[in-house]
Amino acid sequence: MAATRYSTSNEIRRQVASPRAKNRENKDTLCRNVLIYGHCRYEDQGCTFNHDQTPKTSSPQADHAKKPFNVESPAFTPSGQLSAVPKKTTLPSQAASAAPFTPRGVGTTTLPQAAEASVFNPAAIREFTPQNYDINNASAKGVAHDAAGLYADPFTTMNSLGTALPAAGQYNMYAGDHTGLAAPTGQYYPQHGAFAPGPLQPAAYHLYQPFGPYRQDLQPWQRATYDFFISPNLREELQKKSFATLQVMPNSGLPQLERWHSLFPLDTHNRKNASAFGYPSWVYKAQNSRTGRHYALRRLEGYRLTNEKAILSVMKEWKKIKNASIVTVHEAFTTREFGDSSLIFAFDYHPLSKTLQEHHLQPPHGNRYRAPAPVPENVLWGYVCQLANALKTIHANKLAARCLEPSKIILTETNRIRLSACSILDVVQFESNTKSLQELQQEDLVKFGRLILSLATLTPPAHLNNVSAALDSMGSKYSANLRDAVAWLIAPPNPGEFKSIESFISGIATHMATYVDLALQDNDDKLSHLAREVENGRYVRILTKLMAIFDRGDLGVMQNWSETGDRYQLKLFRDYVFHRVEADGKPNLDLGHMLTCLNKLDAGADEMVLLTSPDNETVFVVSYRELKQTADRAFNELVKLSKTGAPGANS
Ligand SMILES: Nc1ncnc2c1ncn2[C@@H]1O[C@H](COP(=O)(O)OP(=O)(O)OP(=O)(O)O)[C@@H](O)[C@H]1O
């Protein structure tokens with residue numbers, strides 16, 4: 001049967017297979033056979049469906065739409081495929097006057113997905129598209145929040161903001177002009193990368209925030225004023241060094257040399273000891289007449305120079321050496337100012353340093369009955385690493401250290417040592433030396449080993465007669481590793497072979513790595529101290545400016561200059577910052593208030609401040625930015641009138 005052969009639905013089959021259906025209500029329904037074949041064979045044989053094809057007043061589409069299923073039913077379209085319903089993404093014009101949608105409660109209304117997407121689709125809504133912003137170029141880095149949705153992790157986007165900090169020179173926080181900060185290139189976003197030119201708002205430069213690493217985890221109530229600044233120990237150490245550098249001895253009887261003055265003796269005893277160089281040597285701190293800087297001068301008493309080339313050629317090589325474990329030598333010269341012919345070497349000055357001899361091998365505080373304290377193994381490894389580092393540089397430059405005595409190695413900070421007398425023997429023995437460079441370098445390694453052995457056994461090198469016994473005794477106090485390292489250095493090389501400092505360093509690589517890590521940690525510590533002190537520089541600068549302006553009195557023809565015009569505000573600001581009083585008239589010395597106000601002034605913050613005259617007659621409401629501009633103007637007036645220009649300009 002044709003009808004059953006082409007039918008696609010059970011309903012059609014049922015209809016065609018039951019032409020004698022008695023249901024008269026079907027009269028309104030158009031017969032499927034008419035629809036499919038154009039006519040119905042059963043029309044006259046009792047088919048109860050409507051066979052009238054003439055259109056009625058209502059549209060046929062409307063009729064078909066009413067039917068549960070017909071061939072003109074719209075094709076099934078998954079709701080997720082928005083492309084199939086593109087028109088729905090635009091709101092009808094009536095929507096403008098529609099009442100705002102107020103949800104009645106969670107889950108009471110479930111919109112179809114397609115409709116939801118058309119109502120709220122952040123990807124489709126791009127009402128704000130900044131100028132010059134290239135969407136195609138917006139990488140995941142710059143616009144991660146767009147792709148990831150509204151709740152993207154803000155910290156992942158911080159990486160891209162990090163690149164937004166202005167490069168040095170682009171933005172000057174002291175210039176008082178923040179406009180360049182937001183758009184230094186005139187574009188909000190550049191073409192080539194998101195967020196590159198500047199942060200979205202000026203950074204809070206008036207806030208004080210030292211950064212880590214934070215070693216002490218103190219609670220707020222445990223902190224004192226000095227916690228905001230450099231640690232007392234470090235400050236004391238630096239101040240003592242500064243004091244030592246400036247120390248003078250007016251009646252020392254020491255001469256003034258051609259280009260050096262204010263000589264100050266550094267020797268701790270006045271014994272003439274010629275063991276190190278063949279001549280008694282003395283060390284003085286001295287100031288260079290040309291630069292005003294301080295150096296350590298080592299004088300070799302009674303040395304007569306026979307060959308001018310000695311100084312020239314040796315100094316040429318040694319001045320090239322730059323190493324953290326070697327005291328840099330700057331020049332050598334001869335003089336007769338001491339009443340003899342002396343050879344002088346000018347080295348970097350390291351205030352308050354001690355020799356290893358003084359620190360480890362002499363009885364503490366001159367008490368000859370008290371034995372010196374043993375040197376801890378980690379300290380010894382530190383010395384080994386530093387000396388290996390020094391020798392590596394020296395040997396690589398085709399030189400030899402030669403002077404590796406405990407009395408010629410100085411301790412400049414805790415566990416920090418430097419070779420302090422390099423180059424001297426090269427000059428003194430310029431003509432008499434018969435040894436090759438290789439031999440001298442081998443000797444360096446043996447002296448290195450003997451030095452560590454001497455410190456480990458607390459025996460001066462000169463008294464170290466039985467080396468194997470000393471090595472054995474070392475084994476009982478220190479690790480086999482350290483003992484083996486020392487033994488390797490002292491042992492003579494196999495015939496025809498040479499030991500090198502490089503092979504020694506490869507053997508102690510793990511200890512070198514440990515030392516590097518400690519040095520880096522120390523560096524981090526110092527950097528965090530430095531970050532705290534940065535703020536002090538700001539206070540000094542702003543206070544210097546203000547103090548130059550305050551209470552100046554008459555300036556040129558203008559009487560009472562600092563009290564007139566805008567400058568009166570500065571005077572009131574000073575009272576507001578430093579002369580605050582409590583309700584009962586007692587002084588309020590809140591350091592936090594003073595520092596915060598000065599920082600805000602220094603950064604020219606937009607925050608307003610209320611300034612009142614002492615008689616309450618005059619009140620100003622000014623921003624820190626305006627106050628800063630006033631201070632700058634007043635100070636520049638002073639600079640113009642002064643002969644020297646801005647402070648520090650000539651120093
Ligand atoms: N570059 C330097 N900077 C600062 N102080 C130094 C420097 N070089 C040496 N000194 C200090 O000078 C002092 C004297 O040094 P010196 O080498 O003469 O030691 P010493 O024990 O007197 O040796 P010697 O017995 O051979 O004279 C030591 O305290 C040492 O720390």
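Yeah, the Cβs are placed from backbone N, Cα and C, and that goes for glycine too.
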Pick the one from R290, R298, R483 that TrEMBL also lists for the ATP site with D348, Y349, H350, P351, L352, S353, K354, T355, S407, K408.
R298
Rounded to a whole angstrom, what is the largest C-alpha distance between any two of the residues R298, D348, Y349, H350, P351, L352, S353, K354, T355, S407, K408 that the record assigns to ATP?
17
Within the zinc finger (25-54), count helix residues (DSSP H, G, I), strand residues (E, B) and coil residues, in that order.
13 helix, 2 strand, 15 coil
